[in-house]
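According to TrEMBL, the features are:
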type     : residues  : note
TRANSMEM : B:12-34   : transmembrane segment
DOMAIN   : B:73-287  : domain 'ABC transmembrane type-1'
TRANSMEM : B:77-98   : transmembrane segment
TRANSMEM : B:110-130 : transmembrane segment
TRANSMEM : B:160-185 : transmembrane segment
TRANSMEM : B:206-230 : transmembrane segment
TRANSMEM : B:269-288 : transmembrane segment
Amino acid sequence: MLTLSAKLKTASIIAIAMASFAATPALAEDITLWTLNFDNNAGNEALKKAATDFEAANPGTHVEIVQRAVDEHKTALRVAAGSDKGPDIYFSWAGLGLGGEYVKAGLSLPLDKYYAEYKWDDELLPSAAAFADLYPGGKHGVPFTFKGEAVYYNKKLFEQAGIQEEPKTYDELLAAAEKLKAGGIPAFTFGGTVNWHVMRLMDVILETKCGAEKHDALKAMTLDWTKEPCAAESFAEFAKWTKDYTLQPFMGIDNKQSYSLFTAGRAAMMLEGDWLVSQMNGSGANLDDYGIFPFPTNTSRLYGFAEYNYISTKSKNPDIAAKFLDYFLSTKVQQDLLGQLSSTSVNENVQYTNQKPLEAEWLGIFQKYDKVYMNGDQAFPLDVTTEYFRVINEVASGGTEPTEAAKQLQNFIASRT
Amino acid sequence: MSLRQSTHDPRVQALVLLVPALAIYAVFALYPMINVVILSFQKWNGLDPNRQFVGVANYTAIFTRDPVFWVAFRNTVIWTVMSLIFPPVVGLLLALSLNQKIFGRNGLRAIFYLPVIIAPIAVATMWKWMYDPFFGLFSQLLTSWGMQGWIKDWLGSKDIALYSVFVAYLWQTVGFSMVLFLAGLQNVPQTLVEAARIDGAGRWAVFKHVTLPALRPTITIVLVLSIISSLKAFDIVYGLTGGGPAQSTQMLALWAFTQAMQIFDFGRGAAISVVLLLITMAVVVPYLRWTQRHEEVEA
């Protein structure tokens, strides 16, 4: 028999449970956004504020934001892909790699209808929006952020080596590296333990040596790496840069250590993304001491990648999801978010004021280019990316000859089932 | 037998106590293991709702086409051999030293055992800093001693990276071997040691003919546990090199994880895990049989 106390406890539990159900009625216009937990907390707060403001502007709607670390997010998406439940909107990278895998698996809803309805192409930065057209079967996703990568250089070290101007061609860059070397200054610094850092060098060299079309075809694996001489030439050039013009040793350090060496003036250049400006600013570096120029590939394309928000095919409310994305991409919201999620916006109508010198330079770069070539790890499927990393590292370690490197990569691609 | 009688039956009581543990073991250990074996014959990327049966294709792929599998296999063998030699030998030497009546030996025992309780990933972070070729402890020490020529890219050179990682692993695990040997040394009959000394045996002779034979069961346990621990080596390699440079420090456990959780080829990841499981079983099963025989003899 239940005691009075036990009866009271049971009644209380039932009451609380009923109250909970009453307090959170299931809304017809609920949407869920799965995204990353960003390192920059201001970005996390800004995202939540955008959701709250959207709810206020659209009574009856509720936007739930679920944030996870990168690996947990990827795993959660895989679980969601295999079940009926999941988010209405999900964050992923743009490109045929990881983002493309979800598109291929049918998790992403084609958004052509919403692009036309909301006229997104009219307000998005063309270089950022271009990724939506990469996939077969329509437009997928909308840009969340766009990241450009270029060469940061130490002005004092350039001056010390007698380099008067920013290199505008690949030959000028080589000449500058040679001048730096003669002055005892390593041209570049890279971190080898994180494979994607030194991969950037190989990517930009491939773009330079093969040109845009062949580079894209090689990354799309529609051209044979052993039959295109530019592939082996690129590996040879890459080997030269890592051997002669890179701060040694670099294979045992990561990107953060490499960054410390760059700001300590141990190397003259670093191939990094636009996010480095806020990182440098935060660590107290004098931004006036540094300059930026796009790696001179002579293809009129900017090196970069984008992060996208995709609407899930499993969404019960795709129209509300699209409405939220439209709100998020609007000039007003993007203007408010500026500097919190990224130093530049994917909306081309956003106005920039009080910019730091390097931020202004980045804006100029973004406005100049309307075409992009992607990082290797975004362009290749995951297994090929892993092999690409291995081959690059083998070449950088001096363990594999350039022609052999091209052969090994092609063999791997050919053996995929 | 009535219900009341049967509940007093020790066998029934044992079963009742065992069932929860067995159920948990079956759900969280046995089922995943069986599932991994099944998965090793399937193709699945974690996205498709269906897994496709592919026969032995995953095994064929890892044995014949995977450029990293045999590197990982070789490294696992090298690592295991080193684990069979260094932690037991260093552990035994430490135990012999700390079994002497020296000042502060309890404190020293605690200090040498301390790394065992640190998470391997924390050990990796610590050693990564020490190995930094520019600002790390070893480079700074060598520079201050005027031995700059000895500074290496400890974790970045394909020739030495595996051994650099192993040194960190040795630092972490040697305390465990030491404690087992210390326990074993307490069981060495002092009467035999004293009798040998009376018979004129020197230190080495006592060690060789009395201490070492008495430590035989402990040595077996240390060696088997060292092998099992070495086959599972994952965290410290992941934290220090991630398998690089150019996969030169890749191990089977880490490569199985990479295939399954980073490349999302769960079939191949499972196939590598099964290979690792078979190698581990080849070591563990004889050990378990030996332990069982040993217990039977003692009983």
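Just so you know, glycine gets a Cβ as well, placed from its N, Cα and C.
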Let me check one thing: do the transmembrane segment (B:160-185) and the transmembrane segment (B:12-34) come into contact, meaning three or more Cβ pairs under 8 Å with sequence separation of at least 6?
no
Quick test of the contact rule: Cβ under 8 Å, at least six residues beyond the ends. What residues does that give for the transmembrane segment (B:206-230)?
76, 79-80, 82-84, 87-88, 91-92, 96, 173, 176-177, 180-181, 183-185, 187-189, 192-193, 196-197, 280, 283-284, 287, 290, 294
Which sequence-distant residues neighbour the transmembrane segment (B:77-98)? Criterion: at least 6 residues beyond either end, Cβ under 8 Å.
105, 108-109, 112, 162, 166, 169-170, 173-182, 184-185, 207, 215, 219, 222-223, 226-227, 229-231, 233, 251
Six or more residues beyond either end and a Cβ under 8 Å away: which residues meet both conditions relative to the transmembrane segment (B:269-288)?
33, 36-37, 39-40, 42, 58-59, 61-62, 69, 72-73, 76, 220, 224, 227-228, 231, 252-253, 255-261, 263
